[in-house]
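See below for the structure under consideration.
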Amino acid sequence: MRCIVLAAGMGVRMNSKYAKVTHTVCGKPMIRWILDTVLNLLDKVCVVVGHDADSVKKLLPENVEVVHQSQQLGTGHAVMSARNFIDPADNLLILYGDMPLITEGTIQKIINSHNLSNCDATVVSVEMNDPTGYGRIVRDKSGKFVKIVEESEASNREKAIVEVNTGVYIFNGRKLLEVLPMINCKNKKGEYYLTDVFAFLERVNIYKSERSCEFIGINNRIQLAQAEKFRRQWILEELMIKGVTIVDPETTYIDADVKIGRDSIIYPMSFIHGDTKIGEDCIIGPMTRIIDSYIGDRVTIVRSECKGARIMSDVSVGPFSRLREGTVLCNGVKIGNFVEIKNSEIDQNTKAQHLTYLGDAVVGKSVNIGAGTITCNFDGKRKNQTVIEDEVFIGSNTALVAPVKVEKGAFVAAGSTINRNVPAWSLAIARARQEIKLNWVIDKRKKEED
């Protein structure tokens, strides 16, 4: 069996400059949801592109064929554009690219139903409480297929039908090639409707699915949000079945490609996106955002943001920390409140607990970074590196003016501005000497009174 995915539409009701199928559901473009599902079952897949074709093509895997529909003149015209892909000796599955919820199991059931029916085509239908916008399935008194009528062409009686066409079909390839030239665009929209081919087919099977949620088509941002909610629920349920605790699924947002180990706990208002992997026995949240990051085992991240970071095991982050791209935290590191780290590697058992900025830094093992420490990494033209070797103690309110190195075991006194390298096991003090003027306040007040 072959498959054509229709992805040429502009999606006017999305009110977007981007092709409809490029919009994401749980971090994955709609077109990739449908293709990843289909390619698990079939290896011959063609995608029909049109509006914003280049953007759509960038999202397609290499093992699919691409056909360009130069004018968007309806679903029938889209299939005509791909007629060279249709094999008369093979069946053809047709799907829309804006159906990100359809599952592999449902597609397999549709295929099985068609194979058992010995019919020219199979139409997939569902019942909807509100069928507005969908073509209606018209049956005869015995329940057999009569026709599909598009809503714009339907009578009031036909509009009252709640069994709708999902836009998913299987055709006998030879039959479809025979009847495609018979359809025309003599209708209110001036389009070639693929549904018109059924008037020329004698044997049509109907597969009525009980899972209407899988066939939600995305035509506007409201439906996009509805699809996101369904898919998010399925993602969270799968994680919970695999041993992850989701404290409040209603306020937890996890993308499709995220991996989380068992016995980890995800607290409310956590947003975990992109290519993120979280190990076992972790505590994430509440109010935490993680993007494209690796997190080892037994890591705690509270009220913080991580993007493009690598965090090894037994690390504590937060609250109110920000880990930016290029951050690496090795085993046992502790990052506390209001700490920002960018493009820096922090070695084992080092602590930066309060009010710190580390940018473009290499920090060794068992280092203590005092509150208020900053690396002055930008000189106005380029970023410079700060190196802090093992067992260094950096006192509070220290400014490290890069490029600079603090060698092993050195101490930097609180309040210092360090702009020269500090030798190993040395004490660096770079601040003005304190001066005390006894009774200065009393003398000042006396002068003011005179």
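Each residue, glycine too, has its Cβ placed from N, Cα and C.
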Of ALA352, ALA361, ALA371, residue recorded by Swiss-Prot at the acetyl-CoA site of SER396, ALA414, ARG431: ALA371
Rounded to the nearest Å - Cα separation of LEU6 (UDP-N-acetyl-alpha-D-glucosamine binding site) and HIS354 (active site, proton acceptor): 54
Length of the line joining the Cα atoms of ASP98 (Mg(2+) binding site) and GLY9 (UDP-N-acetyl-alpha-D-glucosamine binding site), in Å: 9
Span of the acetyl-CoA site, taken as the largest CA to CA distance across ALA371, SER396, ALA414, ARG431 (Å, rounded to a whole number): 17
Where ARG324 (UDP-N-acetyl-alpha-D-glucosamine binding site) falls in three-state DSSP terms: coil
Cβ-Cβ neighbours of ASP98 (Mg(2+) binding site) (radius 10 Å): 28
Listed in sequence order, residues with CB under 8 A of ASN368 (UDP-N-acetyl-alpha-D-glucosamine binding site) and six or more positions away: THR350, LYS351, VAL392, PHE393, ILE394
Remote residues contacting the region 'Linker' (222-242) - C-beta distance under 8 A, at least 6 residues beyond either end: 14, 23, 25-26, 33, 100-101, 213, 216, 249, 252-256, 258, 260, 262
